[in-house]
Amino acid sequence: MSKAESTDGTATGVIQSVSGPVVSARDLDARMNDVVYVGDEGLMGEVIEIEGNITTIQVYEETSGVGPGEPVENTGEPLSVDLGPGMLDAIYDGVQRPLDVLEGKMESPYLDRGVDAPGIDLEAEWEFEPTVEVGDEVGRGDVIGIVEETVTIDHKVMVPPNALDDGETAAIESIEAGSFDVTEAVAELDNGVEISMHQEWPVREPRPTVEKRTPRTPLVSGQRILDGLFPIAKGGTAAIPGPFGSGKTVTQHQLAKYADADIIVYVGCGERGNEMTEVIEDFPELEDPANGNPLMARTSLIANTSNMPVAARESCIYTGITIAEYYRDMGYDVALMADSTSRWAEAMREISSRLEEMPGEEGYPAYLAARLAQFYERAGYFENINGTEGSVSAIGAVSPPGGDFSEPVTQNTLRIVKTFWALDADLAERRHFPSINWNESYSLYKDQLDPWFKEEVAEDWDSTRQWAVDVLDEETELQEIVQLVGKDALPEDQQLTLEVARYLREAYLQQNAFHPVDTYCPPEKTYLILTTIRTFNDEAFKALEAGVPVEEIIAVEAIPKINRIGVQEEYGEYIEELKSEIADGIRSLY
Amino acid sequence: MKEYQTITEISGPLVYAEVDEPIGYDEIVEIETAQGKTLRGQVLESADGVVAIQVFEGTSGIDQKASVRFLGETMKMPVTEDLLGRVLDGSGRPIDDGPEIVPEERQDIVGAAINPYSREYPEEFIETGVSAIDGMNTLVRGQKLPIFSSSGQPHSELAMQIARQASVPEEESDGGEGSEFAVIFGAMGITQEEANEFMEDFERTGALERSVVFMNLADDPAVERTVTPRMVLTTAEYLAFEKDYHVLVILTDMTNYCEALREIGAAREEVPGRRGYPGYMYTDLAQLYERAGRIEGREGSVTQIPILTMPGDDDTHPIPDLTGYITEGQIYVDPDLNSQGLQPPVNVLPSLSRLMDDGIGEGLTRGDHGDVSDQMYAAYAEGEDLRDLVNIVGREALSERDNKYLDFADAFETEFIDQGFQTSRDIEETLEIGWELLSMLPKSELNRVGEEYIEQYYHEEDAEEAVAEAAD
Ligand SMILES: Nc1ncnc2c1ncn2[C@@H]1O[C@H](COP(=O)(O)OP(=O)(O)OP(=O)(O)O)[C@@H](O)[C@H]1O
Ligand SMILES: [Mg+2]
């Protein structure tokens, strides 16, 4: 956010009451969602209700000590983000104030109040390279040049969507290569419009597109259970609900590290400070699997932790998705992680209750479902207004009270998202990670993504997956019987199925995020692990049919090596050898 | 400073008064009763002309003739290194007949949030000497790791054991240079008896000299409990980040703190959240727990061990639930294990330390630490599951493999967990016991342990013995 240069005196009101993050003011001339500066310290806030002469404001900073009688100034501008080069490798609070800049300005590790800073550095110079020439006709959204924002990402400088009308074009009057700061004009159109590298966009309004398309490419995550069983598409939506400590954040971090998106926007919404610190410390060191560059070079972080002001927690989701849309407009595939959307919903609830609005289910405001839907609707695979295609994938963690999925945030989210990764406390307790419950989770993108996997990985990708799903289903049924009578009471073939299922769980579904190799598993390896287990399965059942007792089969020495495929860097050879060792070992029994 | 005699309403812990000047949110208030008693409070809401005041000591004795003074500032904690060795009440006033405390600074008790950019990621292993923690749920400096317990359980013993034994091995071997260690103990609504246990332990071990004790006991005003942890944490931050201490904060019992929040919420006729607790309790608790951590460029650290007793031993109750969503893991004290006589009765399965992975391993604890812990978790969980089955079908109906897991689970409890409240084990010892237990299982079952570690640490004899026994 950048502070408005000046405000005219008539836009000033007077504080009437203060209740936590909610302040009401008298005599303030304002529109809904205008940004205002509250009190003697000029705390940033946003107009959220107007009733007669009284304007209600949510304040993005702590309000202790602020009292009635102090002034409120209106900027006349809606809550907006600054868009331009410099957003990658940056860390923001919920209203896009760069936290590193704030640290410097406040000269303290604690967040002070009343300090503002623009979302992008207004003085930094960037090397601008035009991609159009004088005389070229351009429309809104069109790319006119690029700057190298980071080693990984070329930032496309675009005609702002509101600079021209839909369908209107203008000719480039002047444009020049060179070094500019973001406020300087890099081009001028023949209608007099000057274009700089800096745009502003109101966060609560989606950036325009031509249309939403059906997504057909997976967002490959390098996580076996996700890519293999419950894939999400580029431009897709997913929810990760789970009780505390079940692995939501680790899953989100894994996606941020390894998903094959061009840009990652990571929103830490009302969660822990240390988790953001971890990202800040790790990402510059970690390599982007696509190109070996530091991960930070494709990442923008928004950190509004649980102890930071609640109103800025409400806005951080919008700040994040607006930044994501902006990179999408450049034709990039963007993945946005929001951890946790429940904290966002709670921020809405807290403000709503201070406004004394009529509470809906469990105290959440009646508009909860609508807000969640609006957020996820901003994800998708789009044709952009400049003719490029780009996507925003949105992945939200959900933190249901008591781990009970029947609560409103989980339920309303499930109605919208198409991928559901259900985390399970039971699995987490036995350190089965990622503790995604394979019986409850689903992906509605599976069918539309299969052609990609068949083309890129293996022709029998889908049938192999189905085989694994069937074995796991059978295991679930058999486990119920085992609970009653013990494993040894089962017929031999069922005992064998249980053994195969165990390897599916241990070698395929489980994946250690903290192991340097296992943490990332390319789809090919994901597939090969399945085929190895299937080799074991097929050989074992043949042996059983030939009369070999099940104990002897499962005692074959090579079999437990299946559990070590995950940690092999050179997995190709290992798997080939292992398959033949297993086959030979079992065949030697009969 | 103006005095008002304008109280219009008294309700529960709240007093409403009319004022004719602007009063700030959170400002401190003094109320003097007709009997000359002075009570303290804080502004909760301030609208044109009327303020709502929360009175820490409770409103009894206040009538409409009482006079109200607004001090024009928010609540402060006077801080100085001299607080070490002192015992204070829940509002930070000395109650130990010691000398007057001359503060070096007066700090706002509503601490500002630490800028996430200024934090340093916690990764220094704290050796607590407790195997269930060091081996399975490692604590690091700057972590917030609560104890989830229930009434009548020995959570205090565990907390005292940690406070007594905690050390950082690396620094010891460095000759102990580095920062000093301090304990800040914040009691909220606990009984005199429980408080005495802590005090006696502190005095007996000489820990009091490096401690600051804040006491709000069961018969002290409930509303005061909402400021006690803020006093505690303000002192902790001062000692850690300005005086370079490694501070261990023990807060007990967070359940009483939350009850006080609920009481105030009810008096204000707020729309209640789950089970009557305020909808903003997550944010409120986060503002306490997030005050743990490390800050870049500062020597000290604040590590928090909040204790809470789960009503009905139910961890889906809002107090443990919201806590678990904020803290970096949790340690469960389990009534069943307690009645079996295990000391400490820690159930490791639902317990978790989220900062463990970065605090352990080669050069920190030992290379095999993570694998050993993972494998023991998996094996204990499997053994635990089988116990139910054994009750139905008996041991004979189980396979040899299953029987080994059952034996493992039993041995895990008696050998690894049950070390006694007075025993301290170093990490080598803890891991060694771990390997003894893992060696009860065949090597091929140890699929979470690196092959090189199996090579190095696995006890071949134990496995043979186990095989021999099974054959008998
Ligand atoms: N894939 C994984 N591999 C290894 N360990 C994991 C994995 N996923 C989760 N864990 C373990 O589980 C712990 C808790 O995970 P995480 O912090 O992601 O939980 P969460 O669901 O985000 O909890 P909360 O709601 O409280 O934030 C981690 O600290 C880690 O020890
Ligand atoms: Mg989390």
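In case you wondered, yes, glycine gets a Cβ from its N, Cα and C as well.
Note: TrEMBL annotation is automatic and uncurated.
Under the heading domain 'ATPase F1/V1/A1 complex alpha/beta subunit N-terminal', TrEMBL lists A:15-76.
Among the features that TrEMBL reports, domain 'ATPsynthase alpha/beta subunit barrel-sandwich' is placed at A:118-204. The DSSP breakdown of the domain 'ATPsynthase alpha/beta subunit barrel-sandwich' (A:118-204) into helical (H, G, I), extended (E, B) and coil residues amounts to 0 helix, 43 strand, 44 coil.
The domain 'ATPase F1/V1/A1 complex alpha/beta subunit nucleotide-binding' annotation in TrEMBL covers A:222-443.
For A:Lys248 (ATP binding site), the same-chain residues lying six or more positions away in sequence with a CB closer than 8 A to its CB are A:Ile240, A:Pro241, A:Gly242, A:Asp339, A:Ser340, A:Ala397, A:Val398, A:Ser399, A:Leu423. A:Lys248 (ATP binding site) carries a helical DSSP state (H, G or I). TrEMBL lists A:Gly242, A:Pro243, A:Phe244, A:Gly245, A:Ser246, A:Gly247, A:Lys248, A:Thr249 with the feature ATP binding site.
Annotation source TrEMBL lists domain 'ATP synthase A/B type C-terminal' at A:451-553.
In sequence order, the binding-site residues near chain B (CB to CB under 8 A) are A:Phe244, out of A:Gly242, A:Phe244, A:Ser246. Here the domain 'ATP synthase A/B type C-terminal' (A:451-553) has, by DSSP, the following mix of helix, strand and coil residues: 79 helix, 0 strand, 24 coil.
Broken down by DSSP into helix, strand and coil, the domain 'ATPase F1/V1/A1 complex alpha/beta subunit N-terminal' (A:15-76) contains 0 helix, 36 strand, 26 coil.
Summary of the ATP site environment: with the site residues A:Gly242, A:Pro243, A:Phe244, A:Gly245, A:Ser246, A:Gly247, A:Lys248, A:Thr249 set aside, the chain residues having Cβ atoms within 8 Å of the Cβ mean position are A:Ser399, A:Leu423, A:Ala425, A:Ala428, A:Ser435. Taking the Cβ of A:Phe244 (ATP binding site) as centre and 10 Å as the limit, one finds 25 other Cβ atoms among all the protein chains shown. Listed binding-site residues: A:Pro243, A:Gly245, A:Gly247. Those with a CB atom under 6 Å from ligand 2: none. With all protein chains in the displayed structure included, the most crowded Cβ environment within 10 Å among the binding-site residues A:Ser246, A:Thr249 is that of A:Ser246.
All protein chains shown were included, and the count of other CB atoms within 10 Å of the CB of A:Gly242 (ATP binding site) stands at 30.
A 10 Å cutoff on Cβ-Cβ distances gives A:Gly247 (ATP binding site) a total of 25 other Cβ atoms nearby, all chains included.
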